[in-house]
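Report on the following structure.
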Amino acid sequence: MESAARGSGKKRLQLAAFIAERQFVGRGIRAAIKTNIETRGKNMIQSHEELLQSIPNHLRHFIVDQHYERYTPQDHALWRYIMRRNLDFLSEKAHPAYVAGLVKTGISIEYIPNVFEMNEALSKIGWKAVIVDGFLPPAVFMEFQLHRILVISADMRTIEHALYTPAPDIVHEAAGHAPIIADPEYARFLQHFGYIGTKAFSSRQDHEVYEAIRHLSIIKEYPGTPREEIEKAETTLKEKLEANKHPSEASLLSRLHWWTVEYGLIGTTEDYKIYGAGILSSVGESRHCLSDKVKKIPLSVQAADYNYDITREQPQLFVCRDWAHLMDVLEEFADGMAFRRGGAYGLALAREAVSPSTVVLSSGLQVSGKLREYSANGQGVSYFKMSGPVSLSFEDRQLEGHGTEYHTEGYSTPVGLWKGVDGDPSLLSPDRLEQYGLKKGRPASIRFESGVVVRGTLKEARFRNDRLILICWTECTVTDGDGAILFRPEWGDFDMAVGAEIPSVFAGTADKQKHNVFPPKSDRVAIPIEYDEKARRLHGYYREVRQQREEGNTDRARLTAIAETLDRDYDGEWLLRLELLELLPATETGVRNRIEKALAEIARKSPEKNELIEAGQRLYISPAAGSKSDV
């Protein structure tokens, strides 16, 4: 008990030192650029346009400007409140990488971070951050993650949703995701998750669920949304989820992402730490997750069988042993996906998919397009056909002359072993190719073990990395084992892919720069809040209090006047009253008593605000000695 008490005391001292350090650093930065918090975005090293140029082309249209000046003084105060509560609790309950990561990733507890400041810090660990508008399509989100780009929603939750918001916001992304990626092993896991996520097949139902989630998160966060509209959106989402009886690869992977990256615990089911961003960024979830009401389950691939509800606290959580265990579970899941299984299994998923996919042959040739049909037997796949536009690539780079502008009408090719050739035909050298009678400008034929026959004049044989990947024929006829015509000479040149088998089939295209099939940004965007004159006056009071706190010059008379204004015009305002108590000296008993009485009345009327006020009083009135055992 004595050693535990010493440990807790040490944690509190570390927390107090961290807060003091960040406050000092924050003041130093502000003094250096001689500006207030609303204009911090002016003197940044990297402009918005410069940042865009460092992002892959096909991802740029999802990026928006942060518009840092739109954050109100109340927004910054709420950020400070949430961060102080989280740190007070998470200094002991979170994975050790979290608190250290706040410093490494440029996150302050005093003010909402500017993405350019974050990028200065993130660049040192090989990552960067961009601002996006709310939920991204899952495939797009994973693509950013693959490129070690942290996507951050610019929105700041409203004070009505201080404990939890279903919408992505800067608290969740910057304070939840960013700090933990400072751990190199976890960052590798996250990037690998992004790579696997870009390969996952999705369905039409997935897109409908995504749009329903995005819509609900937007209207639920907006203060002016009628209750009946929220209930209607919740019902729609529930119906979409229930209708999705056969979850796709992407849907199952999103569940695994939810139970690890968003809501993961690490350790044992009895002794664990928090690493999931959804818990790290939510005062409500971080408290809730420790409850015995939340079942703790050892992490396995079976976590993907558990669906989730973004609008409610989670009934169960999954615990990994360590980062290596996390990677092992991800790899086990990936082994069952089409991009590793390939063959007829992968082609079946590609045919059902609503978006283009990529078929990879054993030669390494990648064929990207919308799969229309395929033939397979006990020996494997013998033929497949795609609708246009189609592109051919190798190692994710489009082959010259084989882009979508050439294969506009579609593409088809036989696949498999050739009669008379031992092993994979892609291993044939140019000399051996000629030994088999396949010479440029000469009539020739190839008979496949499947019965497919290709006859024509060889125009060109393409090699990459000592692999035969493509043979182009003129005056070509292709027939199947029953003699049915698969390709006619009048259709043009026949570009035959080479490969004994199909080891991989994945969603999307190989060269995303030249064959971009990412969906456009959703039409549903966050609803901007229009503040009335009364709200703007309140923001002005927040600004005054912050300035006094940062400058260290307490104007007692002015603070008293603000307290009187709150009593008259803002009877439900709890956060600014806490900030006043933080600044007012203990000798100002009259005004302090009046503020505490007002807070008690607010707490009496609202159980939720009661919890917010009680926790805030512990932190704001005596921050260095704040309780660490209760959020």
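A Cβ is built for glycine as well, from the same backbone N, Cα and C atoms used for every other residue.
Within the same chain, residues at least 6 positions away in sequence whose Cβ sits under 8 Å from that of HIS172 (Fe cation binding site) are SER153, THR165, ALA277, GLY278, SER281, SER282. DSSP classifies HIS172 (Fe cation binding site) as helix under the three-state reduction. Taken from TrEMBL, the feature Fe cation binding site covers HIS172, HIS177, GLU262.
Taken from TrEMBL, the feature domain 'Biopterin-dependent aromatic amino acid hydroxylase family profile' applies to 71-385.
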All-chain count of other Cβ atoms within 10 Å of GLU262 (Fe cation binding site): 21
Cβ packing number for HIS177 (Fe cation binding site), 10 Å threshold: 24
Shell of the Fe cation site beyond HIS172, HIS177, GLU262, same chain only (C-beta within 8 angstroms of their C-beta centre): PRO168, GLU173, GLY176, VAL261, GLY276, ALA277, GLY278, LEU280, SER281
